[in-house]
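To keep things clear, I will list the structure first and then write my remarks on it.
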Amino acid sequence: MGGGNAQKSKMARERNLEKAKAAGKGSQLESNKKAMSIQCKICMQTFICTTTEVKCREHAEAKHPKSDVYACFPHLKN
């Protein structure tokens, strides 16, 4: 008597999970949290480090129209 398809699938999932743990692969959530290095100084919303100046300006104009763009993102002055 051999195992059924469900049993084979379960074994394959467990084997793949062990391989992923050994290789250090898995969810990117932690690395994404670390990459959130740009922060709006008014609302404290964070943005990923690859965010462009255009996106920062869009945020400032949409969320904080009465404030200056540089008040939200002082790093843009450079």
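For all residues, glycine too, the Cβ spot is worked out from N, Cα and C.
TrEMBL lists 11-21 with the feature compositional bias 'Basic and acidic residues'. Within the chain, the compositional bias 'Basic and acidic residues' (11-21) has long-range Cβ neighbours (under 8 A, six or more residues past its boundaries) at 3.
What TrEMBL records for 3-36 is domain 'Small EDRK-rich factor-like N-terminal'.
The domain 'At2g23090-like zinc-binding' annotation in TrEMBL covers 39-76. Secondary structure of the domain 'At2g23090-like zinc-binding' (39-76) per DSSP, as helix, strand and coil residue counts: 18 helix, 3 strand, 17 coil.
Under the heading region 'Disordered', TrEMBL lists 1-32. The helix, strand and coil residue counts that DSSP assigns across the region 'Disordered' (1-32) are 23 helix, 0 strand, 9 coil.
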